[in-house]
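Q: Copying in the features that TrEMBL gives for the protein in this structure:
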type	residues	note
ACT_SITE	H72	active site
ACT_SITE	N145	active site
BINDING	R69, R109, F158, R355, Y359, R366	heme binding site
COMPBIAS	15-39	compositional bias 'Polar residues'
DOMAIN	25-413	domain 'Catalase core'
REGION	1-41	region 'Disordered'
REGION	398-445	region 'Disordered'
Amino acid sequence: MTQAPYETRTGHAGETQQIGGDPLTTNHGIPFSDNQNSLKAGARGPTLLEDFLLREKIFHFDHERIPERIVHARGSVAHGEFECTDPIPDLSRAKLFSKKGKKTPLIARFSTVAGGAGSVDTPRDVRGFAVKFYTEEGNWDLVGNNIPVFFIQDAIKFPDLIHAVKMEADRGYPQAASAHDTFWDFVSLMPETMHTLIWAMSDRAIPRSLRMMEGFGVHTFKLVNDQGREHFVKFHWRPRLGTQSLIWDESAKLQGADNDFHRRDLFEAIAAGDHPAWDLAVQVFDQELADSLPYDVLDATKIIPEEVVPLRVIGKMTLNRNPDNHFAENEQLAFLPSNVVPGIDFSDDPLLQGRLFSYLDTQKSRLGTTNFHQIPVNAPKCPYANMMRDGMMQTQVPKGRANYEPNSLDQAGEDPGPRAQAQGFATAPQQISGAKTRDRSESFGDAYSQPRMYWNSLTANEQAHTASAYVFELSKVSLPHVVERMLSRLSAIHPDLGRRVAEGLGLPPVKPAETKFPARNLGTSDALSIQKKWPATLKGRRVGLLFAEGSDKASIDKLKAEIEAEGGTLFTIAPKVGPLKLKGGEMKADGQLAGSPSVLFDAIAMIMMPDQADKLMKDAACIAWVSDAFAHLKAIGHCPGTKRILDKAGIEPDEGIGPNEGLAERAKHRYWDREPGLRDLA
Ligand code: HDE
């Protein structure tokens, strides 16, 4: 019998899945002989209630779905491992950080926030970046995002934020989009959202690939060593492929070209053995440094710039195995920020404190049982034991009489069950005093200084993208008072930002919003810009090649070899997939032109005889193919026969455009300088 992927599944005969060439059975193991026809009274007669095979199959199907996550419903998962590269026993007693080379298995899930499980992959949205480490001391879930700050400071505002951004309550739209009245109404009333908003309006919210996103733990956590010494810590994931983004028009068109653009990209890369990797880095600091900062480290709407507390890389995550089953390993995967291992602890960040409740609670609603920890993907890979018993879908069979602790059953020679261990997790002791109150600390009050620092840290091109994103989103807002209030907040962040967005909307400038805490100048941080760190590489990138009957096979092979030598992949496209007759051989295209628009690629090339190019130029899809690539600032390669297609599309040559020779080098870049000439950005 084929082995099911999880040991626990094969633990009881009743749980064993039969697949492959094995006999088909009911869920109760009864083999049956016909899976095509229901039991009827005569071949054309009515179906009989007696048909337990039909009833069981339809009954199971009727109940296949579980509630999707209230946020982060759409996600992609991959298995992998964490390797400790720089142990930190001086800072934390967590065993996964104890030895160089120590490996810990893990699963990662990347998600969009606002859309439903079946929504698109490339909307403008924050991305979830959640990792479950199956450590030898239990599961540690680092449930972060690809943006290092969050919209709100206190968990009590989370339901309001999510209600405002999700589809509107009466009309049920828009799906997976923040460009609508209720979102901007809410955020414009909540100055604390300004920092995350400016990140969300920047290119950070339209990542090129899940493999090319930074990740952040967002909150300040604590590391505790075995002497009980504490440090504050912020966790960062840095992609080995570099951080890369799409541009807005491209991400919008991708929603039509491939709803699953990100999920497919991750799955295909791993399947091809191109395993994405991230460095795990920490920013470690103590109370004294925290006290010296002009913002509060317990406020999740603030970052600590890398220039103030540098990043120290302590390990590497590699994703090396695709899920076997989407439902079992993605839908049923349950993250809990409350899962920390000895050596890691929480800070008093009020957002984090609220999360500690919410995730445990939501899993009961989604997975239907308090025993969701027994689902294979959620179960720790180390032994676990306690006196929690029973409940819906209990699949374990605890032995003995001891279901309470303490007990003295061992004195009667019986198994007394587990006991608390001195070296187990112990909350770091902390003196607390204060009146019971619903106040918010004044130290959380400054809503504008860090958004200003972010704005000032972007390149001119990134600023234009960000201002244009505000213009786009606010152009979809039908309530003028909301637009005006939002403009006043943008002017409070930076007068240029407020003015540019107002101009982009065709409105007069609006005075800065009044605030007790006007923006201070915190300087700039280059680490905040994507473009300043953009890697010149073909690794993980795809070049689309358009060819047709009669193209020169040797030229295609040469280009393919050049692209692959730089770590990229070549995807071939033709008007018909073929196999097509070429000069020097035959070839089947990977895709058809009509279904493979150039948004799917990081750069494009064309190899064709002039007569074929003349024919293809009459196809609107061909002209759109090159003009979109040009508008999306991509490198373009052509041969003597295909230059005419660029001319027909009205493409002015620049340094990104040239013969196929040299494309492998040019394709490592995006051509930001091209943009002002072809797009009216704010
Ligand atoms: Fe979440 N969040 N969140 N969140 N969150 C959920 O848990 C919640 C917050 C994040 O791939 C839910 O299992 C509250 C910050 C990710 O399965 C829910 C608050 C950050 C994921 C929930 C926050 C996140 C979730 C929905 C404010 C970044 C997807 C389903 C206090 C640090 C995990 C679920 C996955 C999912 C609650 C704020 C990240 C409802 C109450 C800040 C990556 O429990």
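Cβ coordinates come from backbone N, Cα and C, glycine included.
Predicted automatically and left uncurated, TrEMBL annotations should be read as such.
What's the neighbourhood like for each of these?
A: For H72 (active site), the Cβ neighbour count at a 10 Å cut-off comes to 23, with all displayed protein chains included.
DSSP assigns N145 (active site) to a strand.
Following the DSSP three-state reduction, the secondary structure of R69 (heme binding site) is coil.
Averaged across the domain 'Catalase core' (25-413), pLDDT in this predicted model comes to 97.
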Q: Among the binding-site residues listed here (R69, R355, R366), identify the one with the smallest other-Cβ count within 10 Å.
A: R366
Q: Could you give the Cα-Cα distance between F158 (heme binding site) and H72 (active site), in whole Å?
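A: Approximately 13 Å lies between the Cα of F158 (heme binding site) and that of H72 (active site).
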Q: Just the number: how many Å between the Cα atoms of R109 (heme binding site) and N145 (active site)?
A: 10
Q: May I have the DSSP-based helix, strand and coil counts for the residues of the region 'Disordered' (398-445)?
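A: Result for the region 'Disordered' (398-445), in helix, strand, coil order: 7 helix, 0 strand, 41 coil.
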Q: Between Y359 (heme binding site) and H72 (active site), what is the CA-CA distance rounded to a whole number of Å?
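A: Approximately 12 Å lies between the Cα of Y359 (heme binding site) and that of H72 (active site).
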Q: Let me know the DSSP-derived helix, strand or coil state of R109 (heme binding site), please.
A: strand
